[in-house]
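According to TrEMBL, the domain 'Glutamyl-tRNA reductase N-terminal' annotation covers 6-151. Under the heading substrate binding site, TrEMBL lists Thr48, Cys49, Asn50, Arg51, Ser105, Glu110, Asp111, Gln112, Gln116. The active site, nucleophile annotation in TrEMBL covers Cys49. The site 'Important for activity' annotation in TrEMBL covers His95. TrEMBL lists 170-298 with the feature domain 'Quinate/shikimate 5-dehydrogenase/glutamyl-tRNA reductase'. Under the heading NADP(+) binding site, TrEMBL lists Gly185, Ala186, Gly187, Lys188, Met189, Ser190. Summarising the annotation, TrEMBL assigns domain 'Tetrapyrrole biosynthesis glutamyl-tRNA reductase dimerisation' to 312-410.
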Amino acid sequence: MDIAVIGLSHVTAPVEVREKVSFTDSKKMEIIDILLEKSSKELVIVSTCNRSELYIAAKNIENAIEDVHELLNTILGQEAKSYLYIETGEEAIKHLFDVAAGLKSIVIGEDQILGQVKDAHAFAMEIGASGKVLNKLFREAITCGKLIRSELKISEYPLSISYIGIKFLKERLGTLADKKILVLGAGKMSKLALKYLALEEPEVIYIANRTFCKASDLADEIDKAIPVGFDKRYELLQEVDVVITSTASPHLVLLKEQMPHLNKPLTILDIAMPRDVESQVATLEDVSLYDVDDLQDISDKNSAKREELAEEAAKITRSYVEEFITWLKMTKIDPTIQSLNEKCQEIHRDSMHYIENKLDLTSREHKIIDKMMMASLKRLIREPVKALKEMDDTTKQEAYMSMLQELFDL
């Protein structure tokens, strides 16, 4: 089977386009069901705030790509073509390794994407969408990503979206030490934001989540944090100075028409995908609204050290990519080699049966003939098999396989 990736990211599409394909688990299942009934044999969907990508494995990769493209067109409209990228073969394989390593993130080497790739693969396996090829690809990419982080210590230079968000707020407000802050959501992004936020020692942090016990558990881990009911969020806007929102809600959680009248400045940072805050909230007096696209400027200032580490990471991924390509080539020729071996065994079995009927062999003679015949047959196919394995040209390899299949009636 061949591999391809079709998707869009922060590089190719603005936030208002990306949020249209920020798929929930139920939507992923719907898409997977549709595509697996067509040309795709295996499928994993990686969907984050900065990218949505569909990794496919198929025997007819061109048809599978067309199926995905057609589906995304129904979601994005005719504008889809201008935002999507398509990689096939080695480039698709390299793309996933680079994504898992954090080399294609807004913040080079950020940690979150590795967990997101792992979760995407786990979800696909759980519903039976990922098979032999994509299982191997994703496991190797995840292993490579872990190795890069442990060897290069990229995490010692924390520049995740959550970290950048806190840094962004600090630059805008001067300090967070005397601020009252409301955090909406208790997921991974919120947890990271709270981790960095606590270091700034704000006056108080309110944590609101639809599931109160999650907010309460999270508040227990953070100094000066207080869990509150999600329904209190609008009421608290009159008290707090800053709102950081990162829920997993498919719907807006802060609407302009429900915003209270404010007599003081309020800064809102929306790092959710899809966005949590209605864009019209930015038109309100005293409100400053920012989203993930506003964090780009800070991420553009990645240190020279990060760039240097990225080059080292690329060397590691290159090695893993080459190993995977070798494995993938072997999966394509394995059936032919297996058929060739089975053909030899069939000839060996038929020939021995004929000899046994024609000659009165001793046990020793039978063993010698049996062994010599099998060795001769294996010797006969050894060179063709070796040549097949060592071919670098895929087109030539496929032609050679077809020739072997025809010559040996496989």
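Backbone N, Cα and C define each Cβ position, glycine as well.
Same-chain residues with CB within 8 A of the center of the Thr48, Cys49, Asn50, Arg51, Ser105, Glu110, Asp111, Gln112, Gln116 CB atoms, the substrate site residues themselves not counted, are Gly102, Ile106, Ile113, Ile161. Look at His95 (site 'Important for activity'): DSSP puts it in a helix. In this structure, the C-alpha atom of Ser105 (substrate binding site) lies 23 angstrom from that of Gly185 (NADP(+) binding site). DSSP states for the domain 'Quinate/shikimate 5-dehydrogenase/glutamyl-tRNA reductase' (170-298), grouped as helix (H, G, I), strand (E, B) and coil, give 47 helix, 32 strand, 50 coil. Of the listed binding-site residues, namely Gly185, Gly187, the sparsest CB environment within 10 A is found at Gly187.
Geometry remark: Thr48 (substrate binding site) versus Met189 (NADP(+) binding site), CA distance 11 Å. The Cβ of Lys188 has fewer other Cβ atoms within 10 Å than any other of the recorded positions His95, Lys188.
Neighbour density for Met189 (NADP(+) binding site): within 10 A of its CB lie 25 other CB atoms from the protein chains shown. Taking DSSP states H, G and I as helix and E and B as strand, the domain 'Tetrapyrrole biosynthesis glutamyl-tRNA reductase dimerisation' (312-410) has 89 helix, 0 strand, 10 coil.
Residue with the densest Cβ environment among the recorded positions Cys49, Ala186: Ala186, by other Cβ atoms within 10 Å.
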